[in-house]
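Undergrad: Here it is, the structure, as structure tokens.
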Ligand SMILES: Nc1ncnc2c1ncn2[C@@H]1O[C@H](COP(=O)(O)OP(=O)(O)OP(=O)(O)O)[C@@H](O)[C@H]1O
Ligand SMILES: O=c1ccn([C@@H]2O[C@H](COP(=O)(O)O)[C@@H](O)[C@H]2O)c(=O)[nH]1
């Protein structure tokens, strides 16, 4: 396997599958199956999951809600997704732990880096919920932060687009995909597949990111085996 320890970022919105909002159980089971394949090959897996399928702080703020209040609601949404993913992974026989950046000890461990390391060493899948625990951030930034903390080899951003394009491919049919792009170029061109804070943090800590289509069966395994799928963002 190319990678020993990965931080997988899953999009909350992708969890909706064909639904208008919420969690599609079929999509959840498919993701669990993809994750099982790399787990069975011995890859140590930590996961950060988004919350866009349930709530986004900025959406609340634009509707008149206090931004900080909305952001905490968004963080709670990521915990709901994390719990759903935990259930789906355990259904398929994997051992998991959910750690949250906001304390909620009846349902999850608090985030403790050393415990996370230990779980990963023992082959447990660790899901990090509640983002960074701070408003004004995103789960992309949380993924990079946790990835750096646990010394992941790579951030795998599994999303509904198949890589980084020269403009948003969901808005421009003529968008052109990169196989490789530097952090400098992503930032210079203002490409929004992840937020600037996430890219900057990754760049400063020399942690590569692979952006790929998580909905294409087999992609996650192929990437871990070293195939060039999606777009690699690196220094
Ligand atoms: N240059 C670009 N290349 C690729 N995707 C882009 C680009 N600019 C914007 N995007 C958009 O980035 C989004 C990435 O998808 P994703 O669902 O992972 O976002 P997210 O905000 O992390 O989701 P969530 O918050 O639900 O976890 C896609 O909707 C895609 O259209
Ligand atoms: O560290 C964080 C992470 C997330 N939030 C809030 O949660 C929502 C959902 O996360 P997405 O990354 O957009 O999926 C986000 O919009 C923020 O409102 C946060 O405040 N801090």
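Heads up, the Cβ atoms here are built off N, Cα and C, so glycines get one too.
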Undergrad: Given that TrEMBL assigns 51, 132, 133, 134, 135, 136, 137, 138, 139 to the UMP site, pick the one from 66, 71, 162, 166 that the record assigns to that site as well.
TA: 71
Undergrad: Checking the contact step here: among the binding-site residues 9, 11, 159, 168, which have a Cα within 10 Å of the Cα of residue 51 (UMP binding site)?
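TA: If one measures from the Cα of residue 51 (UMP binding site), the binding-site residues that come within 10 Å are 11.
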Undergrad: Out of 132, 134, 138, 159, which of these binding-site residues shows the lowest number of other CB atoms within 10 Å of its CB?
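TA: Least crowded of the binding-site residues 132, 134, 138, 159, by Cβ count within 10 Å, is 134.
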Undergrad: Filtering 9, 11, 52, 136, 159, 168 (binding-site residues) by proximity to ligand 1: which pass a Cβ cutoff of under 6 Å to any of its atoms?
TA: 11, 52, 159, 168
Undergrad: Residue 159 (ATP binding site) to residue 132 (UMP binding site): how many Å between their Cα atoms?
TA: 20
Undergrad: Cβ-Cβ under 8 Å from residue 136 (UMP binding site), same chain, 6 or more residues apart: which ones?
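TA: Residues satisfying the criterion: 67, 68, 71.
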